[in-house]
Amino acid sequence: MNRQLVNILTALFAFFLGTNHFREAFCKDHDSRSGKHPSQTLSPSDFLDKLMGRTSGYDARIRPNFKGPPVNVTCNIFINSFGSVTETTMDYRVNIFLRQQWNDSRLAYSEYPDDSLDLDPSMLDSIWKPDLFFANEKGANFHDVTTDNKLLRISKNGKVLYSIRLTLTLSCPMDLKNFPMDVQTCTMQLESFEYTMNDLIFEWLSDGPVQVAEGLTLPQFILKEEKELGYCTKHYNTGKFTCIEVKFHLERQMGYYLIQMYIPSLLIVILSWVSFWINMDAAPARVALGITTVLTMTTQSSGSRASLPKVSYVKAIDIWMAVCLLFVFAALLEYAAVNFVSRQHKEFLRLRRRQKRQNKEEDVTRESRFNFSGYGMGHCLQVKDGTAVKATPANPLPQPPKDADAIKKKFVDRAKRIDTISRAAFPLAFLIFNIFYWITYKIIRHEDVHKK
């Protein structure tokens, strides 16, 4: 009886044991078919600690592939805004998303079901990151409203995506010879600060390396679609460092400068020509008009240079302002010439009267020299063959001067002729200058810039 009871208990134990093994096998098979893993029971915190925490053995101070091939970091930027191009300081301001991607095999995982993990920005201190900086940066700031504008994403294969939002003020050396019809090329250089090319290499993303927000406009420039991508590897005493760059081509719009500089100065020049139609006797009016236009043109020229740097070469706007000032000043000098010529008849008559007076004095002196009336000889010097010979002056008296009104009319006509010629010569000369000016800067030099 006891042996029979033992056999029954043994059979029941074997049955339950077999059932338990079957259940475990079934659960494993079911989990494998459903994509679940036994480690799913790990909490996210435990998983991250195991992946990059203290228990993982991950060291953020050591780059991937340590003492091996360099880490290839792929970069691309998305431009949110582009503006504040300043000529005086020669820089520009831009707001971008900077995205860097690299592979860190130490962060590869297979225990977690998700293909990628979006981590909190605070985890950035726990992983290795490239030491990227902007070589031509003059000022920059991060954004933390309402939270840090940073993104960290890790894929199963160990690929890391690091995105950050930045506002940068970058240096942009400008050539202002054609200002304000110029095309500027501004660069953005991304360089490694610590790691040489033996450890780190930057590359542009093959698909869409530089993206621009839709509808992005600049107040004074047109941002051209073509952007030059290239390498700018730097050689220092400390080694050779990786560097990539993008060049933005900015074409200046002339609308503002036409309204503020070109059209006002053109009108001032035309206003100075009104003097040619004012009577030459109206000296106060013509002088006041000439001086006013000269001073206004000088102020306009100074204002055009106020917002520009002090460069050693001549700009297109400088040539325009200088020629306009020259035309205005020439119009003032033209009236000085007209006034001088119109008053020359007075000087001419004054010289005639002086010459006549001098001639009379000479005649009187000459007559008194040969007058012997005190000795009863009168005007007779000698008698030859019964004929008395009178003393005659050596130089005959000059012809009587022309009528004063005729002389005045002659000089006034000359002055009027100067005004008449100026009415046509000044506009014609200014028109010729405009033709050469606009052809040179809008066509010839513009094409040269595009060829470069």
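Cβ atoms are placed via backbone N, Cα and C, with glycine included.
Taken from Swiss-Prot, the feature signal peptide applies to 1-27.
Around Arg99 (glycine 1 binding site), a 10 Å sphere centred on its CB holds 18 further CB atoms from the protein chains shown. Feature annotation from Swiss-Prot assigns glycine 1 binding site to Arg99, Ser163, Thr238; the stated evidence is similarity to another entry.
Taken from Swiss-Prot, the feature strychnine binding site applies to Arg99, supported by similarity to another entry.
In the three-state DSSP classification, Arg99 (glycine 1 binding site) falls within a strand. The glycine 2 binding site annotation in Swiss-Prot covers Arg99, Ser163.
Within its own chain, Glu194 (site 'Important for glycine and strychnine binding') has Asp131 as residues 6 or more apart in sequence whose C-beta sits under 8 angstroms from its own. Feature annotation from Swiss-Prot assigns site 'Important for glycine and strychnine binding' to Glu194; the stated evidence is a curator's inference.
Sequence-distant neighbours of His249 (Zn(2+) binding site): residues of the same chain at least 6 apart with a C-beta under 8 Å from its C-beta are Val183, Gln184, Thr185, Leu223, Lys224, Glu226, Lys227, Glu228. Marked as Zn(2+) binding site by Swiss-Prot on the basis of similarity to another entry: Glu226, Glu228, His249.
Secondary structure at Thr238 (glycine 1 binding site), as computed by DSSP, is coil. A C-beta separation below 8 Å, combined with a sequence spacing of at least six in one chain, links Thr238 (glycine 1 binding site) to Thr196. Marked as glycine 3 binding site by Swiss-Prot on the basis of similarity to another entry: Thr238.
Helix, strand and coil residue tallies for the topological domain 'Cytoplasmic' (279-283), in that order: 1 helix, 0 strand, 4 coil [DSSP]. Taken from Swiss-Prot, the feature topological domain 'Cytoplasmic' covers 279-283 (among others).
The topological domain 'Cytoplasmic' annotation in Swiss-Prot covers 337-420 (among others), and the record cites similarity to another entry as its basis. This prediction places the mean pLDDT of the topological domain 'Cytoplasmic' (337-420) at 62.
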Review point. For Ser163 (glycine 1 binding site), which residues of its chain lie six or more apart in sequence with Cβ-Cβ distance below 8 Å?
Key: Phe97, Leu98, Arg99, Gln100, Lys150, Leu151
Review point. Just how many other Cβ atoms lie inside 10 Å of the Cβ on Glu228 (Zn(2+) binding site)?
Key: 12
Review point. Which chain neighbours of the Zn(2+) site, leaving out Glu226, Glu228, His249, have a Cβ atom within 8 Å of the mean position of the site's Cβ atoms?
Key: Thr185, Lys224, Lys227, Lys247, Phe248
Point to revise | Distant-in-sequence neighbours of the topological domain 'Cytoplasmic' (279-283), which means Cβ under 8 A and at least six residues beyond its ends | key: 335, 338-339, 342, 412, 415-416, 419
Practice item. Consider each pair of residues in Arg99, Ser163, Thr238, all listed by the record as binding glycine 1, and report the largest Cα separation in Å as a whole number. Key: 29
Review point. According to DSSP, which of helix, strand or coil covers His249 (Zn(2+) binding site)?
Key: strand
